[in-house]
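Please read the structure below before turning to the comments.
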């Protein structure tokens, strides 16, 4: 709800003339939405202490259900038919996760949390994550080099790639980002445990504030969270949000669940039945999240999209043109008039400086080569047969 209120404040601010737009921090609506967003984030942080991370990460998909509801009644957006199927899948998946997932969680001391990193299971996960990150990075770089060779350009430009190529690049980008960024969730759960222990100290144990492991955990959390936010901001500049955000969300849920379940030994008590049912529920959640994501760029997405709007409008170091632009629309039609063929070319340039004007060029016999710009712009290029062209050249007529 908070992110939708923030987005509503941003939308209303954009309706004002540029010289009359106040800073977002001075808008009561935006401030209230940000307060709700911060409160929800703090409550999510505190919840790590009371439940298994493999359970909470899957249940985090509930935010997408509320996104559908609040975007309909706050932003007055139309809900696509795919969204209803996505809602049903997420609800089904959450039921499976709650029934068959891990329910309890252990309370670890700082030295125990540090020792968990040395367990063979988690070491294998980290090695596998590192190997996958290397493979994805090489694939990402290889595809960029291929695009540069095919387009004949010396420097990579995302605008030169096709839609399918951008989608594949967004998948590689999201996997690499989530592999390391989700460590922030693992360490956030550790910090929630240590915070409770510091606020309610046990006389039998030392205060976690006096353990050096606590500060390594804090530094690791800051590094992982900074990496994730930086990658998210960089990705929103490279790719259309409609491709990037779904993959980032899915990879975030997937890898945070796997990493947390292995690190905190939450999968140890699972049998074949629990593994199978949990996997079914988890797949339902991921597919449901993908179906809830919009099919066009005209909809608000989530907190990431809202935060990017805030950064791009409030921070002069971030260019508003950082987002990828749509390619201009163009259409060609052929017409035959008085026995001659003409090609009609319509083009729309969405650049803000052009304000939707259209370039007009018309070349025919006896007419000027250019005419002024008009709202109903069109360009005509006459096509002639070789015989007609030779005859025109012989009589001194240009095409």
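Note: Cβ is positioned from N, Cα and C throughout, glycine not excepted.
If you look up TrEMBL, you'll see 27-48 (among others) marked as transmembrane segment.
As annotated by TrEMBL, transmembrane segment applies to 54-75 (among others).
Here the transmembrane segment (82-102) has long-range neighbours at 52, 54-55, 58-59, 61-62, 64-65, 68, 261, 266-267, 269-270, 273-274, 277-278, 280-292, 295, meaning same-chain residues at least 6 beyond its ends whose C-beta is under 8 angstroms from one of its own. Per TrEMBL, transmembrane segment is recorded for 82-102 (among others).
Long-range neighbours of the transmembrane segment (122-141) within the same chain, counting only residues 6 or more positions beyond its ends whose Cβ lies under 8 Å from a Cβ of the stretch, are 116, 169, 172-173, 175-176, 179-180, 255, 258-259, 262-263. The transmembrane segment annotation in TrEMBL covers 122-141 (among others).
Here TrEMBL flags 168-189 (among others) as transmembrane segment.
Look at TrEMBL and you will find 209-229 (among others) tagged as transmembrane segment.
According to TrEMBL, the feature transmembrane segment maps to 241-263 (among others).
According to TrEMBL, the transmembrane segment annotation covers 275-293 (among others).
The region 'Disordered' annotation in TrEMBL covers 348-399.
Positions annotated as compositional bias 'Basic and acidic residues' by TrEMBL: 348-364.
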_Do any residues, 6 or more residues outside the transmembrane segment (209-229), come within under 8 Å Cβ-to-Cβ of it, and if so which ones?_
109-111, 113-114, 177, 180-184, 187-188, 190-191, 194, 198
*Between 27-48, 168-189, 275-293, who has the most Cβ pairs under 8 Å to the transmembrane segment (54-75)?*
275-293
